[in-house]
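Below is one structure; the comments refer to it alone.
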């Protein structure tokens, strides 16, 4: 919340970025392992004006403390959980443990480790690095109000036909030819905001948001390509992105906002 300071509206936040942490969970039998590697970013909004105007650091949560808190809290998680759940857990901790902190913004980027298969069988403890990254951001207020966003970074997609680009503005600076037959390659960054408005309203399943992540990704990919036989025609990247967004919103009732960005790399046949 902004304060008036010497005639100015003053709001501050401070935090710690790039806290790398890994966690391994073992099945009850001990044979099957699950693991995550997270890059955690923390931003705290708090009442610590004195640190700016009076050289008084009494209300400052040190960034080293934030880093250590991540390590302690992830170690306390005895069961496998999603990045979204851990972001909410951290946000709840910072806003409840420190009286002066009224909002915590926690963003997590999950490194895409994928379980390998050997001779068609999933390996107990073997993983390889994949491509696209799972992201999560929780904005948690002291009152329990929540804004939760998930996403994908670096989703690379390519189709060798069923794409074109025609009817765009042509002027003296235009060299691009019109076509109904081109290869379309793009890297998609996606984010979607859930409709849950409080910490108490989110689903209790620890891996619910992991399942949602893979479900949303499947809808995005399936909509981009269309049916396996014949596919679907793309008149422009803009048109395809809108269809992908509409598909997500119509499929998932607990998602209220979808945002897609892409970088295209197009080769002509």
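Here the Cβ of each residue, glycine as well, is placed from N, Cα and C on the backbone.
Here the structure is a predicted model, which means the values were calculated and not measured.
Feature annotations, reproduced from TrEMBL:
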type    : residues                   : note
BINDING : 63, 64, 165, 182, 237, 238 : urate binding site
BINDING : 63, 64, 165, 182, 237, 238 : 5-hydroxyisourate binding site
BINDING : 63                         : O2 binding site
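Shown here: features listed in TrEMBL, placed on the structure.
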{"residue": "63", "record": "urate binding site", "DSSP class": "helix"}
{"residue": "165", "record": "urate binding site", "DSSP class": "strand"}
{"residue": "182", "record": "urate binding site", "DSSP class": "coil"}
{"residue": "237", "record": "urate binding site", "DSSP class": "helix"}
C-beta crowding around residue 238 (urate binding site), within 10 angstroms
11
CB contacts for residue 63 (urate binding site) [other CB atoms within 10 A, all chains]
15
Which whole number of Å gives the largest C-alpha distance between any two of 63, 64, 165, 182, 237, 238, the residues noted as binding 5-hydroxyisourate?
52
